[in-house]
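Below is one structure; the comments refer to it alone.
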């Protein structure tokens, strides 16, 4: 490394005596905020650089640039850390410039790490990165759906998460004011949400599900939940935020189209609030480094555990058979 780069990396990785998990979370939070700037810059340029990876599966220059920022910062700060990103990594990518390096989030470092997470070795930690969740919506200018997701697992369990919304309040705030960073740590809580943002309690039975990956099985699962309203929206992070903000009662997606990088961070945040996220059959999702990337049995999430059991019981047999 150059001398300035060595100094910056030293500041990132040696943030006093805080436990590893807390330091990884602090760098993740700062990296998500920096990646959000990249995403907004790409959109402002009008040069999205769209690549079609598969059916209803897009990648843009914003995805690539945001992942480069996040993974680059994490690997510089924590050699040996397992980081799994959605996008294929470019072996010829340029190294991070000094202005792309982040300082660990001071708000994260200021907290007391729960005792259960203080002595976790680097070999037990896996970080799952979705640099731009809701790419199709980003390309369609549905900016409220877009999030940056960084989930941290210890063993197979999601214990910490970052959900960053690059365009939060973009219709009312100036570019230098928009955006929201939410983070959680198991045993500590969730930060970045105000009481007024989670005070709603909507009537009825509102179900959030996919906007662009629907089929008969997906629709059968939603219908079985007896919705009074169905919100067809993009992004796993966005759907979980709808639960957290009391705009929906359940997130139901009976399809293998979701991946671990889509759900690790949202699950960690949701669970820190007392919620629950599993596959559609009610099984916990593993997030260890050797876990398969697709969530082959779909996703079921609620803000309250008792609601989760109620919705899980409604999933019809034809859906269970199709996904098992």
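Note that Cβ sites are derived from N, Cα and C of the backbone, with glycine treated the same way.
The Mg(2+) binding site annotation in TrEMBL covers 86, 130, 132, 133, 262.
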Count the Cβ atoms, other than its own, that fall within 10 Å of the Cβ of residue 262 (Mg(2+) binding site), considering every protein chain shown.
28
Relative to the Cβ of residue 130 (Mg(2+) binding site), which residues of the same chain, six or more apart in sequence, are found under 8 Å away?
85, 86, 147, 148, 149, 150, 236, 237, 259, 261, 262, 265
Please identify, from the binding-site residues 86, 133, the residue with the sparsest Cβ neighbourhood, meaning fewest other Cβ atoms within 10 angstroms.
86
Cβ-Cβ distance under 8 Å to residue 132 (Mg(2+) binding site), same chain, at least six residues away:
39, 60, 62, 63, 66, 138, 146, 148
Additional residues surrounding Mg(2+), by Cβ distance to the 86, 130, 132, 133, 262 centre under 8 Å:
63, 129, 131, 134, 135, 147, 148, 149, 235, 236, 237, 259, 261
